[in-house]
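Database features (TrEMBL):
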DOMAIN    1-58  domain 'TRAM'
BINDING   Gln231, Tyr260, Glu282, Asp330  S-adenosyl-L-methionine binding site
ACT_SITE  Cys357  active site
ACT_SITE  Cys357  active site, nucleophile
Amino acid sequence: MEIGREFQCEIEKTVFGGDGLARVGGEVVFIPRTLPGERLIARVTACKSSFSRAEAVRFGATSPHRIEPACPYFGRCPGCRYLHAGYAYETELKAAQLADQLAQAGLEPAPGVLESPVAPEPPLGYRNKIVLHVHKVGGRTMLGYVMGDNTTVTDIEACPLAHPEINAKLAELRGDKSFLHSLHEGMDVTFRRTAAGGATYWRNQPARNATWLKEELPFGRLSVPCGSFFQVNAAGAAALADEVAALIAARKPARFIDLYAGVGFFSAVALHAGVREVLAVESDEAAAAAARFNLKNFGAENPEVIAGDAAEALKSLKDAPASDALLTVDPPRGGLTLKAAMALTGSTLDSFIYISCNPATWARDARRLAKGGFTLNKLRLVNMFPRTEHFELFSFWTR
Ligand SMILES: C[S@@+](CC[C@H](N)C(=O)[O-])C[C@H]1O[C@@H](n2cnc3c(N)ncnc32)[C@H](O)[C@@H]1O
């Protein structure tokens, strides 16, 4: 393969990230915005030692799942990877990627462990938060996403993933001269929407004394500091909450241990489901303070909230009898540190929930957990981030 060469190919599958994979004379080529079964002429854009990248030039046969992308920036903006495919099909493709990842990790779930994927609705307009970047060119102020080259900022009128109230706020601000003058090169503008408060925004960091946002959930209200983590897709978060509530109903734990707790989302689910005792551990102090407040509001008699490191808290659980506790870990994209995974396998826990927003780090951790004596009891893909490359995993481990 050399850059610029054109070749004919058929797409075998999509890989994690959304690119189509084709094999040409034994060589692997990744081609974005293609779908399995499509035949096309493609042109090589980059050559690496074990694979090449190419772009589609002309399609011969297209997939019956191909649709018209619902965004003029698709292809340039790196956020969406599946706007050219039907939503149900996107979820199927992600499920196939998960099966590949399990095989690569040497994990063979027993029959019935891998459950059918959940595709939360709606697939567009679901994001309660977007972050846009400011770039000044000549006299013009661009406000948009950083493109795939990691430098160009494309001015965007609206983002199809953002809640319509965020797009309406963006349109309003674009007509506000004083707002545009307040923007400086390199600034971030965060848009955040709640059902109770509508769309709001801040430049760079939220004000230190900003009042907490109020999130209305099917099971109650949570307060969220502007700068703290909160699930971006309400329907996807509700699907995860249902999974946690179902395990609580089945196992009736006396205690819920919520590691990487944020503002206490899953602890609130547990309290609502009747668990009386909760322990939440969260490293962001503002989120931990909100968790303390939220869990009292959810009726916890004496909620224990530690503003600290989840792996440290896990180590201290080592000798505690844990058979009456249900523990959840929901780490950021990097997954569990080795220390956290070892603390889990070295603990007296007989089961725990592992929620992940990154199947690659989940697969790495799953290998460590399996080696340490745990068995995958339940695995479910939740398509938490429709149209993008990402998806969420709900897993339950026992021994
Ligand atoms: C994916 S979020 C999950 C939050 C919460 N479970 C929820 O559903 O809203 C991960 C959270 O872990 C926190 N975090 C990151 N590193 C941590 C650590 N080492 N120990 C404890 N919490 C951590 C982040 O601040 C963030 O709130």
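From the backbone N, Cα and C atoms, a Cβ is placed for every residue, glycine too.
Counted within 10 Å of its Cβ, the other Cβ atoms near Tyr260 (S-adenosyl-L-methionine binding site) come to 21, all protein chains included.
Sequence-distant neighbours of Asp330 (S-adenosyl-L-methionine binding site) (same chain, six or more apart, CB under 8 Å from its CB) are Asp258, Leu259, Tyr260, Ala261, Gly262, Phe266, Tyr354, Ile355, Ser356, listed in sequence order. When every Cα pair among Gln231, Tyr260, Glu282, Asp330 is compared, the largest distance found for this S-adenosyl-L-methionine site is 15 Å. Other Cβ atoms within 10 Å of the Cβ of Glu282 (S-adenosyl-L-methionine binding site), summed over all protein chains shown, number 29. Neighbours of the S-adenosyl-L-methionine site: apart from Gln231, Tyr260, Glu282, Asp330, residues of the same chain with C-beta atoms within 8 angstroms of the site's C-beta centroid are Phe229, Asp258, Ala261, Gly262, Phe265, Phe266, Pro331, Ile355. In this structure the C-alpha atoms belonging to Cys357 (active site) and Glu282 (S-adenosyl-L-methionine binding site) are separated by 17 Å. The average per-residue pLDDT of the prediction over the domain 'TRAM' (1-58) is 97, rounded to a whole number. In the three-state DSSP scheme, Glu282 (S-adenosyl-L-methionine binding site) is classed as strand. All protein chains shown were included, and the count of other CB atoms within 10 Å of the CB of Gln231 (S-adenosyl-L-methionine binding site) stands at 22. Look at the domain 'TRAM' (1-58): DSSP puts its residues at 0 helix, 33 strand, 25 coil.
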